[in-house]
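S.K.: Mind looking over this structure? Questions follow.
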Amino acid sequence: MGRFKTALINEIEKLYKRKKLVVALIISFIIIILGQLIILGVNRGFGIRGVGSMEFPMLVLSVVVNTILPLFTALVAIDSFSGEFSNNTMKIALTRPVTRLKFFTAKITAILLFVLFNLLFVMVLSTLAGLIFNANSFTLRGVIDIIVSYLVTLLPMLVLTLVIVVFTNILRSGVGVFFLSIFVFIILKALGMVFSRYSGILFTSMLDWYKLFTISPLPILKIANKFSMMVGYVIILFTTGYYLFDKKEF
Amino acid sequence: MEKVIEIKNLTKVFKNGRGITDINLDIHRGEIFGFLGPNGSGKTTTMKIMTGLMKPDSGDVKILGHSVLEDFEKAMEKVGCIIETAESYPYLTAYENLKQFSRYYKNVDDDRINEVLELTGIIKYKNEKPRKFSLGMKQRLGIAAAILSKPEVIILDEPLNGLDVEGMLDMRNLIKSLAERENTTFFISSHLIHDVELTCTHIGILYNGKLLNVDTTRNILNNYASLENYFVSEVETNGKV
């Protein structure tokens, strides 16, 4: 456990120093401000009610979870694996007293912490923006919905991260992985729309699963179904990713 | 004498037919072992297997009694190494790079980091990022990282790459003093035959993936005018030249 912790601290430091986190936070900030300005414009210009203060963070989440969050997750995952493969820096840590399993898990955990931090940042900022610019008042149920929705989004993002990590361990080029990830993402989204009956099994449709947590009464069976599906994906993808990583020679 | 590195029946053959075949080698505590061989003879492959960067087709390597295949963490606990090229994270400073490595060991604090930076002559570049470093400076940083944890075994693949004359002398003195003062065991590969002659206490010759012979430098120099003559003779004896 000690060696895993060390590898995790090192990965977090590397992630922080590469400035990707700062860029992600700045872009998230701009999107929230732009979103809020558009809503204000619609509200004042056309007299149409945009969203209430409780709905704004959820609106932001629905945009972020399908756009910049997968994009930055992909960039960070590609940097963490393909970047280190091509710069030949992967061997720096691999020749230290830490097993590949711990090192691989530390890398995934660091990416996941990046996603979590980004989600929490967007949540706090969009909640504040919603509170300042929109008229409706907050309710406790609303606040809980927001927190739960943002937190549960971490699970589909883990699936997405692992898909990209598997790609990074198959393809040599980081650019190749990036375009393949975008291609697969778009194809799966399109398939989900065309064959909506079967969209439930595609992980891209699971990015919106947080909406299930805002329904009253809570659709427990549907949540359990999606949760099991995602856990299944995580187990398969983690095992595949680790198998490929462990077989790699440097 | 205590065996520090045990290589048993190590074989790794690539698709192109190159690689290493049935390498057997024991290295004892305090030895400075020079691994001599031409380009493509399998030196780096052997060292990559020794440090877990590659897996062998068959055979095993034990370092301080622990197999690198079965008990990697224990095997690498007291090992420092540079394999192929001395790499560092270009976006971290020299200090931050060493700090990353230091977290894996209990006995390494900031004083030790400063000490190795001083020893390798790059203390004044402590807060600079290696992307601005010359090849020689990167090599010095790599050596600083390799000796950081005061390892009992140091594996160096072409450690003099990119170093100027002063750097080579410094490095030779550093290796010799660590072996003498702290009984550190070295496993060094090099194609700089003269430097191997001056630095190493034991020499093994690798040719076409096979270990031809292992002997002490003293014995070799008693029987041959120079290490170069010995190398040519060994290769000729085995019908390769």
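Every residue gets a Cβ built from N, Cα and C, even glycine.
Okay, these came from TrEMBL:
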type: TRANSMEM; residues: A:21-39; note: transmembrane segment
type: TRANSMEM; residues: A:59-81; note: transmembrane segment
type: TRANSMEM; residues: A:110-135; note: transmembrane segment
type: TRANSMEM; residues: A:147-171; note: transmembrane segment
type: TRANSMEM; residues: A:178-203; note: transmembrane segment
type: TRANSMEM; residues: A:223-245; note: transmembrane segment
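Can you tell me where each of these features sits in this structure?
M.R.: Residues 15, 50-51, 56, 59-60, 63-64, 68, 72, 76, 114, 117-118, 121-122, 125-126, 129-130, 133-134 of the same chain lie 6+ residues outside the transmembrane segment (A:21-39) yet bring a C-beta within less than 8 angstroms of a C-beta in it.
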S.K.: Near the transmembrane segment (A:59-81), which same-chain residues lie under 8 Å Cβ to Cβ, leaving out any that are not at least 6 residues past its ends?
M.R.: 11, 14-15, 18, 20, 23-24, 27-28, 31-32, 35, 39, 51, 107, 110-111, 114-115, 118-119, 122-123, 126, 149-150, 153, 156-157, 160-161, 164-165, 168-169, 174, 177-178, 181-182, 185, 207-208, 210, 245
S.K.: Are there residues at least six beyond either end of the transmembrane segment (A:223-245) with Cβ under 8 Å to its Cβ atoms? List them, or say none.
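M.R.: Cβ under 8 Å, 6 or more out: 81, 100-101, 104, 108, 155-156, 158-159, 162-163, 165-166, 169-170, 200-201, 203, 206, 209, 212-213.
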S.K.: Which residues, given as numbers and ranges, are at least 6 beyond the ends of the transmembrane segment (A:178-203) yet have a Cβ under 8 Å from it?
M.R.: 70, 74-75, 78, 156, 159-160, 163-164, 167, 171, 225-226, 229-230, 233
